[in-house]
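Notes for the one structure printed next.
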Amino acid sequence: MPSHSRSRDRYGGRDSDREARYDYDYARRRYATDDNDDDYDDDELEHGLNERRYRRDGYLPPRESRTRGYYERDAEGAADEELLGDERNPGPRASRSYGHDYDARRGERSRAREAPRRSERHRDRDREGQSRRRAYEDDGRHRTRDGRRERGRESDAEARRSRRREAGRETAARKHQSSDSTNSASHLLSADALARLGAQYEKEERRKRENAKDAAKAERKRQKKRAVVGEESRALRDPPGESHRDRTKARVASGAYLEEGRSPEMQVRHRGGGGPAMEARWRKEGSWGGTMDDAGGGRPFWKRKKWIGLGALILILVIVIPVAVVVSKKHDNKSDPADPQGTSPGKSNLDGLSHDSIPAYAQGTYLDPWTWYDTTDFNVTFTNETVGGLSIMGLNSTWDDSARPNDNVPPLNEPFPYGSQPIRGVNLGGWLSIEPFIVPSLFDSYSSVAGIIDEWTLSKRLGSSAARTLEKHYATFITEQDFADIRDAGLDHVRIQYSYWAVATYDDDPYVAKISWRYLLRAIEYCRKYGLRVKLDPHGIPGSQNGWNHSGREGVIGWLNGTDGELNRNRSLAVHDSVSKFFAQDRYKNIVTIYGLVNEPLMLSLSVEDVLDWTTEATKLVQKNGITAYVALHDGFLNLSKWKSMLKNRPDKMLLDTHQYTIFNTGQIGLNHTAKVNLICNDWYNMIKEINSTSTGWGPTICGEWSQADTDCAKYLNNVGRGTRWEGTFSLTDSTQYCPTADTGPPCSCANANADVSEYSADYKKFLQTYAEAQMSAFETGQGWFYWTWRTESAAQWSYRTAWKNGFMPAKAYAPSFKCGDAVPDFGNLPEYY
């Protein structure tokens, strides 16, 4: 609503006594808002509290409406340019709060400066123009006049006290001399007693006078040292109860405040508690710890209480911390199967060693164990020896290949009967090659605007902290306990992912170089300990072989493709040259039994001929370097029937690796529960059996990836920020739901699939286990399988570990409850929409 016209003549002589009333109101307000005043004032604070209540409710009485709050001045009373905008030039936010345009408001402010209103009710408007404020010199005259008035009042008070004392003495004397029974006690006081009473009275009066002087002195000192943030300067303050309508809440420059030691005021503003205003409120509510006659001279009770509480807290910490450390150490020495990661890395094998044992040129590098996040089970004796240009630092010089995972499998030092006994293995996805849906916690803290979608962007964003962050992940996400559990689950092979930056980085690569190599070597030693054989699988190749996030960099395919396609081709061969020389050592011949070339090259986009030529060259290279393991190549997402005629003149000991999922195929994800099991046992069973044959198909074939997930609901599964086919949010242009009840209802939801496993019904668990066991049965018609993946942070249907521990995976992988050919069980009342 527009303001009324502001005219001096409208109020006639109302200003004639304004100055006198201002002096009284100003002094009264000083008393009522004194920071250290312990009196129970009930005048202006109640108005302020009511006003704050109206503000919270979005309403202020029209006559008191204000659009601005804090207005701050420095200690000298000058406007602080860092804290305040020009009140005559409000910022965009302030201007938008008005109901009319800026030019109209500017004109109205001009009229206000020319003819300011003198109404008491609108005194805030009188102060809008800078020219309307009292000058500093005028305020000095007011202070002088205030001082004279204050001294006069003190003299009058002292005179009144003297008259009261004299009257008291005369009354006591008359009562003592009177014989009237109403003025007499049983025994009249003696002269000595009267003298003592008089002396006591005089002593009490002196104490009161001294307290009054001390209080006045303290008040003068407080007025001189009044804080800028706590209260405005007197020089430019508004009249009592008034403030400027056009003032916005000031921006607090925190740096300046902290430099001046005023951080407590910052806390008051941020949290809305404490400070002079709240202290006054506490006094009014009877919560103030001071006393009425302590005049603010002593430490308030609430401050003493704070220090008492702090002391008690310190005492508790002194007792609790040593106990917690002891308990923590005991816990660290016991692997917790439910959460084997622990809270701190182990470095006990550095005890008693000197950092000087590391040559100066190696200190601070990846060869320096004092820089490692975790040294558990690493050999920390320094060596700069390499094989194929790759460091052996961390390895022990001896090894033992006598272990076996179970009685159905030969020990490592005996050949595995590939072709007659299926592989039953698991992947370590998302560990040494980061994948967002497996470890979403590494990506959750970034907004979609930041574009952190893969290991490339994550490493680039982390910058200098990338090495520490990712090494912590390497050290804690997969530990020795995981390999023990893999063995106990009846598994016998592990497919370990790594990427080229474990070996080398190029150009502007932001990846953390070489650290994951050390954890790859330790993982192989853990596999050795538990009798598990290893398939090596490079998930990230220079340039990216598919443009997906698990290749390291989502986007363009730069391997065998584009401007740097040939360069990255040669780089990928150089990586295999180094890696194959390293794993051709005798210590790995019994354990690294399958050597992968590249994970999921997207042959639907790449030249098939170029990929096959590279595959042949890479296979010959690694075999020339001494690799005797089977060499695995991926089907490139081509129809398996096409592979019947491809690479017929290939090198020996090669395996075809196929990855099978129902959830990424819109024709399969919408099948109901029973139909999915039938699809596996009919179509997939025969497909794998056929391609695995050297006479009717390609030859030895493994399924390197599959899962029991029957939806694509897992967070980040379809890329960071992408929706799902199941709920119809995957495509930006198509909202079709691909689920069994999409046409009939109810609509499918990811809530049940993504729920905590403790909420899974018995029927749902039965389906998930049957669905998994059907796939095991189908893939075992070939060379066997590797489940994707062993562990995830939250995607339960992708974690063999979670399913195994929660009863929807067979207790032993080699002893399933269901096989293709068995009758598909009844899944009870399991709804089809999840």
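Note that Cβ sites are derived from N, Cα and C of the backbone, with glycine treated the same way.
In Swiss-Prot this protein carries:
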REGION    1-188  region 'Disordered'
TOPO_DOM  1-306  topological domain 'Cytoplasmic'
REGION    200-251  region 'Disordered'
TRANSMEM  307-327  transmembrane segment
TOPO_DOM  328-834  topological domain 'Extracellular'
REGION    331-354  region 'Disordered'
CARBOHYD  N333  N-linked glycosylation site
CARBOHYD  N379  N-linked glycosylation site
CARBOHYD  N384  N-linked glycosylation site
CARBOHYD  N396  N-linked glycosylation site
CARBOHYD  N549  N-linked glycosylation site
CARBOHYD  N561  N-linked glycosylation site
CARBOHYD  N570  N-linked glycosylation site
ACT_SITE  E600  active site, proton donor
CARBOHYD  N639  N-linked glycosylation site
CARBOHYD  N672  N-linked glycosylation site
CARBOHYD  N692  N-linked glycosylation site
ACT_SITE  E705  active site, nucleophile
Nearest-integer angstrom distance between the alpha carbons (Cα) of N384 (N-linked glycosylation site) and E705 (active site, nucleophile): 37
Those residues of the chain, 6+ apart, with a Cβ under 8 Å from that of N692 (N-linked glycosylation site): W698, G699, P700, T701, T781, G782, Q783
Integer Å distance between the CA atoms belonging to E705 (active site, nucleophile) and E600 (active site, proton donor): 11
Neighbour count (Cβ, 10 Å) for N396 (N-linked glycosylation site): 12
Number of Cβ atoms other than its own within 10 Å, given for N570 (N-linked glycosylation site): 10
Which same-chain residues, if any, lie at least 6 apart from N561 (N-linked glycosylation site) yet have Cβ under 8 Å of it: G543, S605, L606, S607
Closest of N379, N570, N672, E705 to N639 (N-linked glycosylation site), Cα positions, recorded positions only: E705
Greatest C-beta neighbour count within 10 angstroms, which of the glycosylation sites N384, N549, N639, N672: N549
Same-chain residues at least 6 apart in sequence whose Cβ lies under 8 Å from the residue listed as 'active site, nucleophile': N427, H659, Q660, Y661, F786, Y787, W788
PLDDT averaged over every residue in the topological domain 'Extracellular' (328-834): 95
Pairwise Cα distance for N379 (N-linked glycosylation site)/N396 (N-linked glycosylation site) [Å, integer]: 6
Count of other CB atoms lying within 10 Å of the CB belonging to N379 (N-linked glycosylation site): 15
Residue from N549, N570, N672 whose C-alpha is spatially nearest that of N396 (N-linked glycosylation site), among the glycosylation sites: N570
For the residue listed as 'active site, nucleophile', the three-state class that DSSP assigns: strand
Between N570 (N-linked glycosylation site) and N549 (N-linked glycosylation site): CA-CA distance (Å): 22
Distance, N570 (N-linked glycosylation site) to N672 (N-linked glycosylation site) (CA atoms, angstrom): 47
Other CB atoms, at most 10 A from the CB of E600 (active site, proton donor): 20
